[in-house]
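As annotated by Swiss-Prot, abscisate binding site applies to Lys81, 111-116, 138-144, Glu160. Annotation source Swiss-Prot lists disulfide bond at Cys52-Cys176. The region 'START-like' annotation in Swiss-Prot covers 45-195. Residues or ranges marked as site 'Involved in interactions with PP2Cs' in Swiss-Prot: Pro110, Thr171. Under the heading site 'Involved in ABA binding', Swiss-Prot lists Val179.
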Amino acid sequence: MLAVHRPSSAVSDGDSVQIPMMIASFQKRFPSLSRDSTAARFHTHEVGPNQCCSAVIQEISAPISTVWSVVRRFDNPQAYKHFLKSCSVIGGDGDNVGSLRQVHVVSGLPAASSTERLDILDDERHVISFSVVGGDHRLSNYRSVTTLHPSPISGTVVVESYVVDVPPGNTKEETCDFVDVIVRCNLQSLAKIAENTAAESKKKMSL
């Protein structure tokens, strides 16, 4: 099950705003998040007057440890992000904050490459965050946060939120629509991979 939530304040004009109502909406839809302060802490963003913000939630029928083993790999995002064709770590070791990676995008998208910095990698709270700091693309000042939360029903709830500058010639709604599609596809791919891995592990244990 996947849901997209875009707070109205995130696409309005004016000074920088915070969007804590995003978390309230998440907690209403997914009660397990109301018991997890990580969601409120990491998915409250400051949004500038020429920026937009959105978030996507994905439920995955797999243990949080299985999902995290894929998500935490800053050096291998193409494992589930199928719009990426390659990734090279160009600074640091890819496993510590401050590491840099350069990713190359598949043809057909309005981008060629992106240089990204690892801002958060928290194995205890299951949080990873990165910022785009360069490259050949139109998504300037893109910042993403992904958190994983245990769910008694599905196994894992993944929340991915982002803030990004609106490119010249585009509206905030158009920008969010475009990025939401990419994030949604990534999380659906992540769900498929994690669920297949979990099923294989369960099958091996039953032998």
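The backbone N, Cα and C atoms fix where each Cβ goes, and this holds for glycine too.
Values in this document were obtained by computation on a predicted structure and should not be read as measured data.
Listed recorded positions: Ala112, Leu139, Cys176, Val179. The one with the lowest count of other Cβ atoms within 10 Å of its Cβ is Ala112. Nearest Cα neighbour of Ala112 (abscisate binding site) among the listed recorded positions (Cys52, Thr171, Cys176, Val179): Val179. In terms of Cα spacing, the recorded positions Pro110, Glu116, Asn141, Arg143, Val179 all stay beyond 10 Å of Thr171 (site 'Involved in interactions with PP2Cs'). Checking the recorded positions (Pro110, Ser114, Glu116, Leu139) against Val179 (site 'Involved in ABA binding') with a 10 Å Cα-Cα cut-off leaves Leu139. It is 14 Å from the Cα atom of Glu160 (abscisate binding site) to that of Cys52 (disulfide bond). Here Pro110 (site 'Involved in interactions with PP2Cs') is compared against the binding-site residues Lys81, Glu116, Leu139, Asn141, and the shortest C-alpha distance is to Leu139. Counting other CB atoms no more than 10 Å from each candidate's CB, the recorded positions Ser114, Asn141, Thr171 peak at Ser114. Sequence-distant contacts of Lys81 (abscisate binding site), defined as residues of its own chain at least six apart whose C-beta falls under 8 angstroms from its C-beta, comprise Asn186, Ser189. Restricting the average to the region 'START-like' (45-195) gives a pLDDT of 94. Cα-Cα distance from Arg143 (abscisate binding site) to Cys52 (disulfide bond): 11 Å (rounded to the nearest whole number). Long-range Cβ neighbours of Glu116 (abscisate binding site) (same chain, at least 6 residues apart, Cβ-Cβ under 8 Å): Leu100, Arg101, Gln102, Val103, Phe130, Ser131, Val132, Val133, Gly135.
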